[in-house]
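Visitor: Would you mind keeping the following structure in view while I ask a few things?
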Amino acid sequence: MQKISGEYDNSFKIGNENEDEEIISLDNIRETQYLIVPEGSYLEDDSSNVGEESTMLSSADTTKMPQDGGSLFESCLLMSNSIIGAGLPFSFKEAGVWTGMILLIVLTALVDWTIRLLVINAKLSGRNSYQDVMYFCFGKSGLIAISVFQFAFAFGGMCAFCVIIGDTIPSVVASIFPSIVNVPILDLLTHRRFVIVLCTVCVSYPLSLYRDISKLAKASGLALISMVVIVVAVAVEGPQVASEFRGRSEVRWDFIHRELFQAIGVISFAFVCHHNSLLIFDSLKKPTLNRFAAVTHFSTGISMIACMLMALSGYLVFTDKTEGNILNNFPRNNFLINIARFCFGFNMFTTLPLEAFVCREVIEIYFFSNSSQSFMRHVILTTSLVGGAMTISLLTDDLGIVLELTGGFSATALAYILPPACFLKLASGDWKSRKKIPAIACVAFGIGVMTLSTVLSIAKIVTK
């Protein structure tokens with residue numbers, strides 16, 4: 001291993017150098033920083049000059065005029081869309097209402113910190129992607145780790161989205177056309193497995209074959225609207241649901257439940273957006289740390305409020321009956337809930353291809369980085385990924401276990417283990433120094449949660 005050092009001033013500036021308010025103070029990296037460069041890495045010596053290069057992400061793609069980027073508001077929408085999910089009431093069922101609220105607040109603060117820490121890591125290393133930062137810090141083993149966890153997170157998302165399609169679309173069809181259940185062949189549109197195959201093969205799979213996801217990325221606005229509709233629908237309709245759908249009232253205010261660690265996995269699955277945080281940072285007109293901090297604080301704060309509202313509205317009504325997809329708890333003929341189901345299911349048509357793109361890129365970068373593009377390989381990989389996710393969704397209708405396993409294994413690593421681990425590699429000073437203790441504690445927390453949540457989730461699958 002070789003060490004390259006560079007001196008930092010008390011503060012440094014990123015973005016528009018003519019605006020004094022964009023100066024960023026980094027008290028925790030004032031002294032000499034030691035950056036670990038793996039031997040034999042692809043990094044050139046002249047690109048590792050920390051003092052000059054690390055203040056901007058070293059990529060030609062990041063060089064842009066201010067008007068080419070997005071506003072703070074647009075970046076907040078993009079990040080918030082990556083966070084809000086429909087499995088939060090289920091996490092309260094697993095943890096208990098009071099513990100669930102505490103976990104949601106604490107994990108929101110932790111995710112907020114590690115998202116910003118990841119961008120600081122990118123600054124210190126001069127890299128512009130999560131993969132590059134991991135390779136810079138840990139070499140080949142770092143690239144393997146980030147590839148495994150990103151693939152698991154994206155593929156788990158694909159499986160979850162297929163399950164959601166099966167949960168939502170048949171209910172909407174049956175609600176709009178009640179008599180369709182008596183019509184031969186057409187009644188298949190109310191059958192969960194048929195709808196999953198039909199929608200995946202005819203809609204999501206063709207969209208997944210796109211090499212360029214820019215057109216699909218525009219659907220993020222629709223996705224955010226869908227999440228808002230779900231939150232409003234659950235908050236409005238939950239208190240009005242009939243008594244036969246409600247859960248036991250005696251467990252409603254329990255402080256803690258036994259599936260605490262699985263609940264952390266479910267919340268983490270909803271909140272982890274580290275895989276696109278650097279893209280969001282780079283999308284800012286002025287990519288400065290204080291502007292990105294504002295985006296992160298606002299996005300995670302608003303998302304926490306929305307998730308808390310939905311989690312409490314759903315769990316306090318359905319308690320021990322709360323399902324992984326809260327919309328499944330409502331009757332099929334609920335008009336507002338069916339609007340939410342339609343929005344949620346329709347959104348999955350475009351969200352699944354985005355996750356397929358992530359999975360495919362992980363495989364391409366790791367296994368075929370030195371090979372030319374191949375249309376046949378592209379089709380085979382896409383078919384295998386979409387087909388695999390569809391098959392798993394046909395085997396289970398339990399969204400909760402998918403969220404638990406994916407969140408517990410991959411989301412905890414992406415959010416709580418890898419960003420602070422990189423910081424420990426990049427920052428100078430003794431391991432017992434005050435600035436490193438939070439990172440060490442976060443890594444220990446992440447490893448503990450990942451191990452327990454994954455083992456307990458697998459045990460639940462085996463014993464079912």
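Placement of Cβ uses the backbone N, Cα and C atoms for every residue, glycine included.
Feature table excerpt (TrEMBL):
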- 70-458: domain 'Amino acid transporter transmembrane' (DOMAIN)
- 98-122: transmembrane segment (TRANSMEM)
- 143-166: transmembrane segment (TRANSMEM)
- 194-210: transmembrane segment (TRANSMEM)
- 222-240: transmembrane segment (TRANSMEM)
- 260-281: transmembrane segment (TRANSMEM)
- 293-318: transmembrane segment (TRANSMEM)
- 338-358: transmembrane segment (TRANSMEM)
- 379-396: transmembrane segment (TRANSMEM)
- 408-427: transmembrane segment (TRANSMEM)
- 439-462: transmembrane segment (TRANSMEM)
Visitor: Give me the stretch from 222-240, 260-281, 293-318, 338-358, 439-462 with the greatest number of Cβ pairs under 8 Å to the transmembrane segment (379-396).
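Guide: Ranked by Cβ pairs under 8 Å, first place goes to 338-358.
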Visitor: Examine the transmembrane segment (439-462) against the transmembrane segment (143-166) and state whether at least 3 Cβ pairs sit under 8 A, considering only residue pairs 6 or more apart.
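Guide: Contact criterion not met.
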Visitor: Do the transmembrane segment (143-166) and the transmembrane segment (408-427) share at least 3 Cβ pairs closer than 8 Å, excluding pairs fewer than 6 residues apart in sequence?
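Guide: Contact between the transmembrane segment (143-166) and the transmembrane segment (408-427): present.
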Visitor: So which of 98-122, 194-210, 222-240, 408-427 is most in touch with the transmembrane segment (338-358), counting Cβ pairs under 8 Å?
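Guide: That would be 222-240.
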